[in-house]
Amino acid sequence: MSEVNEQMMPPKVVLPKLEKNLYEARAIKSFLLTAMVWGLVILASIPLFSVIYMLIVEGGARLDWEAITALPPAGFETGGGFGNAIVGTLVMVGIASAISIPVGVLAAVYLSILEPQSKLATTSRFLAKVLTGFPSILAGVFVYAILVITTKTYSAWAGGVALAVLMLPTVTLAAEEAMRQVPQRMRDAAFGMGCTRTQVIFKVILPTGMPGILTGVILAVAGAAGESAPLLFTALFSNYYMAELAEPTASLSILIYNFSGMPFENQIELAWAASLALVVMVLFFNILARIVGRSKF
Amino acid sequence: MSLIDDKVMDTLTHQGDFIATPYEPKGPVVIDCDVKNIYYGDFRAVRDSRIPIEKNKVTGFIGPSGCGKSTVLRSMNRMNDLVESFRFDGKVQYHDHDIYDKKVDPVIVRRYIGMVFQLPNPFSMSIYDNVAFGLRLNNYKGDEEEMVVKALKRAAIWNDVKDKLKNSGLSLSGGQQQRLCIARAIATEPDVLLMDEPASALDPIATRQIEELMVELKEDYTVALVTHNMQQATRVADVTAFMGVDISKGGRTGYLVEMNETRKVFEDPEQELTKEYVRGEFS
Ligand SMILES: Nc1ncnc2c1ncn2[C@@H]1O[C@H](COP(=O)(O)OP(=O)(O)O)[C@@H](O)[C@H]1O
Ligand SMILES: [Mg+2]
């Protein structure tokens, strides 16, 4: 009986060793590579974390109510703040957004939906890509030429327009990409329901692409808020709260630029605090936009 | 499957200018689709096919891939107008309008002649908003919620979604998405539903549900159904149009081979080509 059974058994297989061998060349190589990757990651995050650490430590020390409401101090004065610069930055970034977001999104509609292959589209797409990598100071020079010289004054208007010039390519390209990602079959469905082309764009493509569009807008706003070069020749600076849009206007970035180069302890501390304020502001808008524009579906 | 199709077709293609015996509709006709020629640019995709769509029936379109089933279907609500190179020569009589008349607005045509596509394509909105989409588009003044619920029930998906109307339409399974798309299409109570292989991307169970649904829907609607699955045609279609491809003269032009009551087409076809095609599929 048992003989028969043995004959029917499949031939025994010699199993290889399945235990881990830590001293095998393969295992050692893998360990070394892992260690190297970790090392590089830590190395790469040192500057990142030290910037944030310094910002919080140095900037946090002075970021109080006085700092965010008072006017900038002169020379050897103590105290003071940068309230006017916060207002100026908000206003100019607001102007820039009000110009660049609608124009950029509508341009993106043209590029991604209406005439994606036309000469105008390919040319503007190419120019937008070139402009995203352009030195930002050129936006300042350009607006200086067309707005500051003609109106004969530095102004929040000019600063806003300069920032808009800077934001426009980023917004346009991101919005184009976001709308291009909306699947063709959703568009077909909308046409099949009896939508006109305008309705397809506004009822389906824009809402579906909104998270992507907002990501581009946030990037553009964050970039614009931190720019100083385009504001140097357009908004200049002011030591007072703005009374109107057609006068030289303070901004956080220019204040940081000015104060950090001064030989006074007080101003340098305020420059740190203003930097932290700028980062917090950008972060706040970032989170806000993500909450508002979160893809619910 | 399509290999067999092509072989059968290659040996049996009608040469030249064959024209199918006209189908005599037994009931009222909603869309009388009379194709002379359909072109994409210089390419003649379909020729000489007269396909009347009868009221409250399912009219099936079968034939090898590339014979122009979708092209003809999409000509009936002017969806093909979205293809730049598309050119239609012939007449599509919808009640007493020729929908290719210059005065006709294709956007309005599509509100009466709805469409369900091969791949489920819900919008990235909530289930409720998907179904309400057409009602809002048409500025529907009545009780929106009632219409949405009615459509979802009609599309046999109400029980699946009644507790999650606020969830995304894209969160559903493929079969549920397709029934949602059907609900979306019927919410505005269109006259005709064009369905282009609506079950081809679905598993067998979901396919059966969609098939049962189509049979039910014909009580209220008129359905034109493209399918590559002949069993589906026998199960669902009252009337079947079989299209072939004419490869004489170097082209690949689709045309109507035979149209008749489904039973007749499958059991006692008039054309040798139909017989071969039907047999090829079933053997
Ligand atoms: N948008 C289009 N542009 C050019 N040719 C097309 C287009 N759509 C379909 N065709 C061609 O028309 C013919 C019929 O296609 P189609 O109607 O999709 O066939 P079926 O649905 O029967 O498979 C095919 O030869 C196909 O290549
Ligand atoms: Mg098809």
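Using the three backbone atoms N, Cα and C, a Cβ is placed for every residue, glycine included.
Look at TrEMBL and you will find A:86-289 tagged as domain 'ABC transmembrane type-1'.
The transmembrane segment annotation in TrEMBL covers A:31-56 (among others).
The transmembrane segment annotation in TrEMBL covers A:85-114 (among others).
Summarising the annotation, TrEMBL assigns transmembrane segment to A:126-150 (among others).
The annotation transmembrane segment is assigned in TrEMBL to A:156-179 (among others). Here the transmembrane segment (A:156-179) has long-range neighbours at 88, 91-97, 99-101, 103-105, 107-109, 111-113, 124-125, 127-129, 131-132, 136, 139-140, 142-144, 147-148, 205-206, 209-213, 215-217, 219-221, 223-224, 227, 230-231, 233-235, 242, 245-247, 249, 251, meaning same-chain residues at least 6 beyond its ends whose C-beta is under 8 angstroms from one of its own.
What TrEMBL records for A:200-225 (among others) is transmembrane segment. Sequence-remote contacts of a segment are chain residues at least 6 beyond its ends whose Cβ falls under 8 Å from one of its Cβ atoms, and for the transmembrane segment (A:200-225) they are 89, 93, 96-97, 100-101, 105, 108-109, 113, 163, 166-167, 170-171, 173-175, 177-179, 181-182, 186-187, 189-191, 252-253, 278, 281-282, 285-286, 289-290, 292-295.
Taken from TrEMBL, the feature transmembrane segment covers A:270-289 (among others). Long-range contacts of the transmembrane segment (A:270-289) within the same chain: residues 54-56, 58-63, 67-68, 72-73, 80-82, 85-86, 89-90, 214, 217-218, 221-222, 225-226, 252-253, 255-256, 259-260, each at least 6 residues beyond the stretch ends and with a Cβ under 8 Å from a Cβ of the stretch.
Beyond its flanks by at least six residues, the transmembrane segment (A:31-56) meets 272, 275-276, 279 of its own chain at Cβ-Cβ distances under 8 Å.
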